[in-house]
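See below for the structure under consideration.
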Amino acid sequence: MIGGVAVREAPDSMFLLPANGSNVSTILDVEARDARRVQVAVVLTTLVGIIQFIFGLLRFGFVAIYLTEPLVRGFTTAAAVHVVVSQLKYLLGVKTQRFSGPLSAIYSVNAVFSDITSTNITTLILGLVCLVFLYIIKDLNERFKKKLPIPIPGEIIVVIVSTGVSYGLSLSDSYSVDVVGKIPTGLLPPSVPEFSLLPNLITDSFTVAIVGFSMGMSLAKTFALKHNYSVDGNQELIALGLCNFISSFFKTFAITCSMSRSLVQESTGGKTQIAGLLASLVVLLVVVAIGFVFQPLPQTALAAIIMVNLLGMFKQFRDIPTLWRTSKIELAIWLVAFIASVLLGLDYGLLVAVTFAILTVIYRTQSPKSSVLGYVPGTGMYCDVDEYEEAVECERIKIFHSNSSIYFANSDLYVNALKEKTGVNPERLQASRKARKKQKQKENGSQKSPPKIRIDGMKEGVTHEVLSYDHMAEEEQRNGQLADRHNESDSEEVVFFEPLGSVHSIILDWTSATFIDSVGAKAIKQVIKEYAAVDVRVVIAGCSRILVSELDTLKFFTGIMTPEMMFPTVHDAMLYCQHSPPTRCHNQ
């Protein structure tokens, strides 16, 4: 990401000089171009450090909660793929260009295998020997870790032996084996960055700061889960910010975690900050004094060290069958994080993965599980009647439960599920009432005997034949309706409509609800009014004090909605509904 910004701000076209006495019209001033790009990277690093430090002070580390375990494991597995792909050319001794951005992994693999015929056999053999040796050492360390006082330092052995072999046999000169080469010694003196470049780098600095923090937190969480400790996102932000800001005065670029080095340190037994301190002192020693010792070190040996230490990351593929059995949504997060990060790169892949993880939360709240609860005799518990055989519905009372809060994205779905699960649809009941009223008016106008009426039940396939309104009075009374009795003679007219339901109270179990917005509150008020119009009382149970306060702020308790309709538990609401019949409406 920093390289892309540096190339954009300091393109080759800015450093073309007219050529003197040659066939080429212009030449590229490489030294001036590189110096400018270094300045761009340094200023960007300074900005990144400031942003990360401020974010840490503002407690911005909470965003780490969106890095769920499946996301982190899928993302780090994809990062391991990128690292292995980047080391293939060193293992094989193939020279290819470096790719970045979306599909860079595919381009890199394609470039390596397109030039596979130019593989350096000596490099490949040396790399494979190092791979096998390191794998055996890792296996021995794992098998006998309780008997060994310290792990066998396979990496150090490989570095020392391969460096000695390379120097003794002149592998670089005689067999064209790629080695580390010249390592610049000494440290640059501190200098103030060119802050004139700031305006063009602000947007990029925010992106690098967030992506760098997210990648660092992902790997930190991986090790935290493995070794049973916690990670403070705000502390990580402050540490990264100070590191980037202070080191930028020594001409460094923005840093985040190194997966390969972290895994090497972890696998060799490093557990505390002392391990990092010692590694830093060794790097400082190499840079300042003994860099020349490692100049013959073959690149293929380093590639072997990195690849072997990444094997643990690839074991995370075992998550897939486990998640398939336990949670399909978390499996989708894992796969999206992995595929997006492999194909789009770690920066865009992380953004896609976090966005998808948030969308899964919205999906879960939009499609909550709803059920009708019943009383379990002798326990005081209310359970789903479809899942628990002993749960019994109370007569003429429905208890509706949904395991989600109510807000703009799911309010309509909540209302629809309420009507479907309880089997009490106020629109149908109103239509039935209107049909009955119209029938009565016809009857009164004709002064004839009561018509033969067929009432189609609300459930398909249930039909009742009723020959008299005398017989219907009892049915109407159960639905909160007072019907006039008529004693007229028979009529051949047949009228079809649904009867009013026998339910007189509905209890909404809001135990699982944590918040409600204005759209959700309006939807609940509307459905309560609709039920009230057909003599069905609605009360709310298990509502938290915070939720009641939100309802009060949203002016929910107006008109027929009163605080008296709220109950602390479902059982309290049930007792109230059983012993206090609802007030009935009479439509003339």
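Using N, Cα and C of the backbone, Cβ positions are placed for all residues, glycine too.
Bear in mind that TrEMBL entries carry predicted annotations, made automatically and left uncurated.
Features as listed in TrEMBL:
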- 40-67: transmembrane segment (TRANSMEM)
- 116-136: transmembrane segment (TRANSMEM)
- 148-169: transmembrane segment (TRANSMEM)
- 206-225: transmembrane segment (TRANSMEM)
- 237-254: transmembrane segment (TRANSMEM)
- 274-294: transmembrane segment (TRANSMEM)
- 301-317: transmembrane segment (TRANSMEM)
- 332-363: transmembrane segment (TRANSMEM)
- 387-577: domain 'STAS' (DOMAIN)
- 426-454: region 'Disordered' (REGION)
- 431-440: compositional bias 'Basic residues' (COMPBIAS)
Close approaches to the transmembrane segment (40-67) from elsewhere in its chain (Cβ under 8 angstroms; 6 or more beyond its ends): 2, 5-6, 9-10, 75, 193-195, 197-198, 201-202, 204-206, 208-210, 212-214, 217-218, 221, 231-249, 251-254, 354, 357-358
Within-chain partners of the transmembrane segment (274-294) [C-beta distance under 8 Å, separation at least 6 from its ends]: 159, 163, 180, 183-187, 261, 265
Structural state census, the compositional bias 'Basic residues' (431-440) (DSSP three-state): 10 helix, 0 strand, 0 coil
Other parts of the chain folded back onto the transmembrane segment (206-225), taken as Cβ under 8 Å at six or more residues beyond its ends: 1-2, 5, 44, 47-48, 51-52, 55, 63-64, 67, 69, 71-73, 75-76, 79, 231, 233, 236-237, 240, 254-257, 259, 262, 266, 346-347, 350-351, 354
Positions on the same chain near the transmembrane segment (237-254), where near means CB under 8 A and six or more residues out: 2, 38, 41-46, 48-57, 60-61, 187-188, 190-193, 208-209, 212-213, 216
